[in-house]
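J.: Pasting a structure below so you can have a look.
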Amino acid sequence: MKALLLGAPGAGKGTQAQFITAAFGIPQISTGDMLRAAIKAGTPLGLEAKKIIDEGGLVRDDIIIGMVKERIAQDDCKNGFLFDGFPRTLAQAEAMVEAGVDLDAVVEIDVPDSVIVDRMSGRRVHLASGRTYHVTYNPPKVEGKDDVTGEDLIQRDDDKEETVKKRLAVYHEQTEVLVDFYSKLEGEHAPKYIKVDGTQAVEAVKAEVLGALGK
């Protein structure tokens, strides 16, 4: 199973990724992890990427694609892999097809923006312990205070409504192009496109995703 998982920040993608990788016995591949591993291992591509990152630049697509090809040639990918957050752009998706890396399925966890804003902007965190609350779904006993220590809870910058909306706008801009690209591919290059309602309970989303993937 060679699949790509798409989903906005806060859509519950990480949880579903764990279910998919466990069900098919495949690794989850994210470009961030891959870059860190290549840099740590000191591979030629890793060294090139490190130089660019150290200079404050963005790693070029050709380096990323090269790393992906190296990564998916490893033994643990013999039954497939799950791409998470890659390809991120149309250029990357096209380069993957040209490089002969085909996908069996593209899975999109679809959650309306209003739900994601509600989920994320309601989060409150106790920094010292990492305990997380939600003003609506999992409120502390005393508003704004940690249940255990009574210390203040904060809203992380990442969870502020304005920030969430900006991240969602970027996600939609990138993803719509990818969805369009994959849905137009024909013949052996064409993956199955699966769109799942991510507002359902976690287990219901899991059942729908795995069912559509043939598990």
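Heads up, the Cβ atoms here are built off N, Cα and C, so glycines get one too.
Positions annotated as ATP binding site by Swiss-Prot, on the basis of sequence analysis: Gly10, Ala11, Gly12, Lys13, Gly14, Thr15, Arg123, Thr132, Tyr133, Gln200. Sequence annotations record features per position, and here Swiss-Prot assigns AMP binding site to Thr31, Arg36, Gly57, Leu58, Val59, Gly85, Phe86, Pro87, Arg88, Gln92, Arg156, Arg167. Per Swiss-Prot, region 'NMP' is recorded for 30-59. For 122-159, the entry in Swiss-Prot reads region 'LID', with the evidence type sequence analysis.
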J.: For a quick check of understanding: among the binding-site residues Gly10, Gly12, Gly14, Gly57, which residue's Cβ has the most other Cβ atoms within 10 Å?
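T.: Per the Cβ count within 10 Å, the most buried is Gly10.
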J.: Given the model, what does the mean pLDDT over the region 'LID' (122-159) come out as?
T.: 96
J.: By a Cβ-Cβ criterion of under 8 Å, what residues six or more beyond either terminus of the region 'LID' (122-159) are in contact with it?
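T.: Contacts with the region 'LID' (122-159): none.
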J.: Using a 10 Å cut-off on CB atoms, tell me which of the binding-site residues Arg88, Arg123, Arg156 is the least crowded.
T.: Arg156
J.: Whole-number answer please: how many Å between the C-alpha atoms of Gly12 (ATP binding site) and Arg156 (AMP binding site)?
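T.: Counting only the Cα atoms, the answer is 18 Å.
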J.: Around Thr31 (AMP binding site), which residues of its chain at least 6 apart sit with Cβ under 8 Å of its Cβ?
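T.: Sequence-distant Cβ neighbours: Ile64, Met67, Val68, Gly85, Phe86, Arg88.
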J.: Could you check which of these binding-site residues, Gly57, Val59, Arg156, sit within 10 Å of Arg123 (ATP binding site), going Cα to Cα?
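T.: Taking Gly57, Val59, Arg156 one by one, the ones whose Cα falls within 10 Å of Arg123 (ATP binding site) are Arg156.
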J.: How many Å lie between the Cα of Val59 (AMP binding site) and the Cα of Gly14 (ATP binding site)?
T.: 24
J.: In the region 'LID' (122-159), how many residues does DSSP assign to helix, to strand and to coil?
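T.: For the region 'LID' (122-159), the helix, strand and coil counts are 3 helix, 12 strand, 23 coil.
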J.: Cα distance, Arg156 (AMP binding site) to Tyr133 (ATP binding site), nearest Å?
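T.: About 12 Å separates the two Cα atoms.
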J.: Using DSSP, how many residues of the region 'NMP' (30-59) fall into helix, strand and coil, respectively?
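T.: For the region 'NMP' (30-59), the helix, strand and coil counts are 22 helix, 1 strand, 7 coil.
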